[in-house]
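A.B. asks: Dropping a structure here in structure tokens format, bear with me for questions.
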Amino acid sequence: MDLQQSTTITSLEKWCLDESLSGCRRHYSVKKKLKLIRVLGLFMGLVAISTVSFSISAFSETDTQSTGEASVVSGPRVAQGYHQRTLLDLNDKILDYTPQPPLSKEGESENSTDHAQGDYPKDIFSLEERRKGAIILHVIGMIYMFIALAIVCDEFFVPSLTVITEKLGISDDVAGATFMAAGGSAPELFTSLIGVFIAHSNVGIGTIVGSAVFNILFVIGMCALFSREILNLTWWPLFRDVSFYIVDLIMLIIFFLDNVIMWWESLLLLTAYFCYVVFMKFNVQVEKWVKQMINRNKVVKVTAPEAQAKPSAARDKDEPTLPAKPRLQRGGSSASLHNSLMRNSIFQLMIHTLDPLAEELGSYGKLKYYDTMTEEGRFREKASILHKIAKKKCHVDENERQNGAANHVEKIELPNSTSTDVEMTPSSDASEPVQNGNLSHNIEGAEAQTADEEEDQPLSLAWPSETRKQVTFLIVFPIVFPLWITLPDVRKPSSRKFFPITFFGSITWIAVFSYLMVWWAHQVGETIGISEEIMGLTILAAGTSIPDLITSVIVARKGLGDMAVSSSVGSNIFDITVGLPLPWLLYTVIHRFQPVAVSSNGLFCAIVLLFIMLLFVILSIALCKWRMNKILGFIMFGLYFVFLVVSVLLEDRILTCPVSI
């Protein structure tokens, strides 16, 4: 038995040395593991610098005004040229039916800020104390809430939604467009609710618009830059999602023309989302029909194979060989990216060093904790890969014997995915023989364990071994521990029956974290002279989209460019057709069907700018010949920087919106 295992390990070592199967080599250093974090930090720094730089004038003027007497009111400010930078003013006196916000509390007099005073508790620090350095605590708290929202969504909310879809028997396409989209966009949705009912400002709309641009431009740019190879995109997923998104944006622009949102307009936007869900139900059938109509007159060239298959008797004598590394094919929809198997939580990335840039070691696209495995675990992991490839090889050989084909392409469905193909192509020279089939005795029990490993890993509070991980663990422990105590982890088989508690409990925690995030963002903006709308367009939009950014980069590095692009657009469809109209509809129902005031020329221009950026994205992808290369990545970053600069200039009234309503 020892000789047999030694022979198997030697074979595994040779297999790992093969260049075509280098997926299980540990060749990533700590420096490369931190590469993504450094790049994200660089771009977030650029966003913050660009935001602050264009608000210096407003900051200095606000500081001058704050040192005056408390008798200075907003009327003289207007006479002195002090502008109010806001996208949405629900307190517009022209609209008699709009409720007025509560009066400013003591210590928060009108001379201290030009922001809309929402229903926030009184800050323990005064405005002067915050400007002298206390605002750093608010910035840290806001970033802390970004991490908290990511953890509660990825570790509890999305897994509970996965259980719900399994209980209801919903297909992956529909689940991805409904429940999983809600899980990924929950922070934006609750930010919109808080903006309508609590903040009485446009922070929710600004966050959704900014998140939409971030997903389209920044996420696609990161995927193009960090992909391992040039990814060829197919037209159908992009055409499908962009078509729905364009229609939704046009509807939104039309509804904004009269400065109010009626209840039936909100209902129409929700209906548009329902139509998208119905379409996703029949997505596969529609795609086949459309492609058949397009290719019905297309001439297909058929060539005979260059070599005939070996006779079955001769082939049976051959030793089994390992094929080349499986290559992931494109064609995935947004449903595949938003399931819990594909989403690698930020807690796992921070604590367990699950490198988002590392080569996938698991079977068919599942990242594993390879670095933290024991020697036995690593052996079982390699054995499971070899076992599955050997099983596919047996099916390939059988089909070749039956059909006489020289090469065979087998399509395999990824877990929780409906349209992602894996192409298994036998390799003639880049493979090592497995001698005497000795693997069969050592991996009989590995398959059952592999099936368990492929399930989403439950939350672990085990104490890390490295110092850096221990520091990170202590930082996030105040977030993780209350969640671990109050929410059952449905990824454990014994806790799956408690999924309703996890579902509603996660919603409660998301609401709390979103409220704290918006409140502290309001305090930061009030202190340095940046409106809530700019905070939503830049900082909040990027912070709430970081988990989707990491997931999209991981998927793009696996070769699934279509899945990353489609998910970026698909999540925006949910934000526009649910994240915005649902709070509006609830507001109109509560206030006896009174319309919601959106009297804002800046917001209208921001949505039009978003529409223009979407057209630029389509044009850029077409100019790059439907390939995700480095050039496309730099174009996306350039467009995102242009959007940030123009948005800030519009909010500061340095530029005037050319589109008037």
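Even glycines carry a Cβ here, placed using N, Cα and C.
Residues or ranges marked as compositional bias 'Basic and acidic residues' by Swiss-Prot: 105-120. Annotated compositional bias 'Polar residues' per Swiss-Prot: 415-439, in sequence order. Annotation source Swiss-Prot lists N-linked glycosylation site at N111. Positions annotated as phosphoserine by Swiss-Prot: S336, S340. If you look up Swiss-Prot, you'll see 99-120, 306-336, 397-439 marked as region 'Disordered'. The repeat 'Alpha-1' annotation in Swiss-Prot covers 174-214. The topological domain 'Cytoplasmic' annotation in Swiss-Prot covers 1-38, 154-178, 226-243, 287-497, 555-569, 624-630, and the record cites sequence analysis as its basis. Per Swiss-Prot, transmembrane segment is recorded for 39-59, 133-153, 179-199, 205-225, 244-264, 266-286, 498-518, 534-554, 570-590, 603-623, 631-651.
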A.B. asks: Could you put numbers on the helix, strand and coil content of the repeat 'Alpha-1' (174-214), residue by residue per DSSP?
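C.D. replies: Taking each residue of the repeat 'Alpha-1' (174-214) in turn, the totals are 36 helix, 0 strand, 5 coil.
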A.B. asks: Determine which recorded stretch among 179-199, 244-264, 266-286, 631-651 has the most C-beta pairs below 8 angstroms with the transmembrane segment (205-225).
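C.D. replies: By the under-8 Å Cβ criterion, the transmembrane segment (205-225) pairs most with 631-651.
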A.B. asks: For the transmembrane segment (570-590) and the transmembrane segment (498-518), decide whether they are in contact, meaning at least 3 CB pairs lie under 8 A, counting pairs 6 or more apart in sequence.
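C.D. replies: Taking Cβ pairs at least 6 residues apart, the transmembrane segment (498-518) and the transmembrane segment (570-590) are not in contact, as fewer than 3 fall under 8 Å.
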A.B. asks: Under 8 angstroms for C-beta pairs, at least 3 of them, ignoring pairs fewer than 6 apart in sequence. Is the transmembrane segment (133-153) in contact with the transmembrane segment (498-518) by that rule?
C.D. replies: yes
A.B. asks: Take the transmembrane segment (179-199) and find every residue of the same chain, 6 or more past its ends, with a Cβ under 8 Å from one of its Cβ atoms.
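C.D. replies: For the transmembrane segment (179-199), the list is 116, 118-120, 149, 153, 157-158, 161-162, 164-165, 170, 205, 207-208, 211, 334-335, 338-339, 507, 510-511, 513-515, 517-518, 522, 532, 536, 540, 544, 547-548, 570-571, 573-575, 578-580, 582-584, 586-587, 596.
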